[in-house]
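Scroll down for the structure; my scribbles are underneath it.
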Amino acid sequence: MACSTGKFLALLMICGLMYLMLTHASPINSITNHVSSVSERGDKSILNGGKRLLRKPPRLPPRLIPGKVNSTDKSIAKPDTEFKWTARQEGVQKAFIHAWSGYKKYAMGHDELMPLSKKGVDDLGGLGATIVDALDTAMIMKLDDIVHEAGSWIEKHLPERILHKGQVNLFETTIRVVGGLLSAYHLSNSNPTYKGPTPSVYLETAKRLADRLLTAFTSSPTAIPLSDVVLHDHTAHAAPDGLSSTSEASTLQLEFNYLSFLTGEPKYSFEAMKVMEHMKTLPKVEGLVPIYISPSSGEFSGANIRLGSRGDSYYEYLIKVWLQQRQSNWTYLHDMYVESMKGVKHLLVKKSKPNGLVFVGELPYGVDGGFSPKMDHLVCFLPGTLALGATKGITKAKAMEENLLTFEDLENLKLAEDLAKTCFEMYAITSTGLAPEIAYFNSEGYSEEALDGGNKTSEYIHDIVIKHADRHNLLRPETVESLFILYRITEDSKYREWGWSIFEAFEKYTKVYSGGYSSLDDVTMLPPRRRDKMETFFLGETLKYLYLLFSDNNVIPLTEFVFNTEAHPIPIITKNKKE
């Protein structure tokens, strides 16, 4: 029995060995085959030393699925991102060329183009406002041919028109023409490749015009200027109702201050700053002011408080004039700005229903009257102004790193972002993707149905009300202005994406193929009815801000320039060098 068991175990062992030999390849053959395959791939490291022959191949990093690149990894995302935004910037540049070509062909020398009628119109005094408004945009875009065309027209025609033209509005002429000339002077003077008239042409023309505009100040019995000037006879007069807009009287200081700085003549700055010094002394409601002021009495008129038309740029220039010359003794402007923004948050900021969009309403009968959930598109300047006031033009990241932001700054920056979203949704809720001139918001105490924007897919379709009289779009710049500033400060690419969406809608619905772009009568209907007008600010502001939104941050940096309310960049004065 023992013998049989031993034989059985021995036989079992022999069978097992034979099975292994038959079913497994030779180790030498396996290694040889592996080396051959590796050698064919060019990987020879495995041949270096016997101990490494069986080492596993190096582990490769995981491959990223197209479209899933981590947006925070700038080294990976940068090439495609740069290409995309450069291409989009070029798209805006082409739009500007198309707008200019229509103006040049049908309206050269007139204030504005009527693109459907294919003719020009002079609604701003006949000073060729589109030419001056568009000039620095062309300079920023490096469109040398347009710069030469516009500059040559200014050199040849504008000085004579200043001498002989009639009535012009002080505010509109200052922000568009004086501001445009001063910006063109700086940009041409600091560009070694500039080709056009001698830069001094722009400065001398601005000075000649400002000398006549000063009549509005010197003819007034108070520090508040009259609203209109007759150029050819050096006279000025008030508006028919005797009142000036608060925003118009207080939106002249950037331009006149810079002109005094360049010429060494203090009279321009002196007259303009008298307005702000006077307004400092007037009674306010938590820093907020009525939208009318009387040149004859120097007092505010009425109780209507809003940040839309006739009120808007008063608040904008409080912070911007302070930023322009922070080394001066104008700290009261910053104090007035801070107080007014507290008043805005306390008295004017509400949320819509049902989805909680943050908006800025009005007090049409003053603080003791009722609240109106009405918000002009013009109010969309405010997000940019709030962001600028919070960080003074540097990025949020840098300001946080250097511990420069107060709690109030952070609160204002958050409000800026919330309001920017609301301004964008005013575009997104319409059928055309373009905002109305005025919107109302369903909110506490106010509700209205069946007046939506037409885009039924929008999450906020029931938050925003658009009345029939308010459905027009004038190609306004305020929203893209704020998107530009917020992108520069927060570095959040969503603002670029929103800007591109708005630009595509302009291209789709306002482009006139014979040349130029038109305003729209109704943004809620398709196809939209067109309005026969291309405002000067479409070239001077809207397309400029879109171009800068898609540009590098070192193009007109916010730490070196402030933009006047017509988007003309004015250098921040930090030294005595005149440039």
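Just so it is clear, glycine is given a Cβ too, placed from its N, Cα and C backbone atoms.
Quantities reported herein were computed from a predicted structural model and do not represent experimental measurements.
What TrEMBL records for 1-25 is signal peptide.
Annotation source TrEMBL lists active site, proton donor at E172 (among others). Annotation for E172 (active site, proton donor): spatial neighbours L124, G125, A129, criterion Cβ-Cβ under 8 Å with sequence separation of six or more.
Taken from TrEMBL, the feature active site applies to D312 (among others).
If you look up TrEMBL, you'll see C380-C423 marked as disulfide bond. Taking a C-beta cut-off of under 8 Å and a sequence gap of six or more, C380 (disulfide bond) has these contacts in its own chain: L419, A420, C423, M426, E478, T479, E481, S482.
Long-range neighbours of E437 (active site, proton donor) (same chain, six or more residues apart, CB within less than 8 Å of its CB): D376, H377, D470, R471, H472, N473, L474, R476. The active site, proton donor annotation in TrEMBL covers E437 (among others).
E478 (active site) has a Cβ environment of 24 other Cβ atoms inside 10 Å. Annotation comment: TrEMBL describes E478 (among others) as active site.
According to TrEMBL, the Ca(2+) binding site annotation covers T565. Around T565 (Ca(2+) binding site), the same-chain residues six or more apart in sequence whose CB sits under 8 Å from its CB are I175, T251, S313, E316, Y317, F381, listed in sequence order.
Cβ-based crowding with a 10 Å cutoff singles out C423 as the top-ranked of the recorded positions D312, C423.
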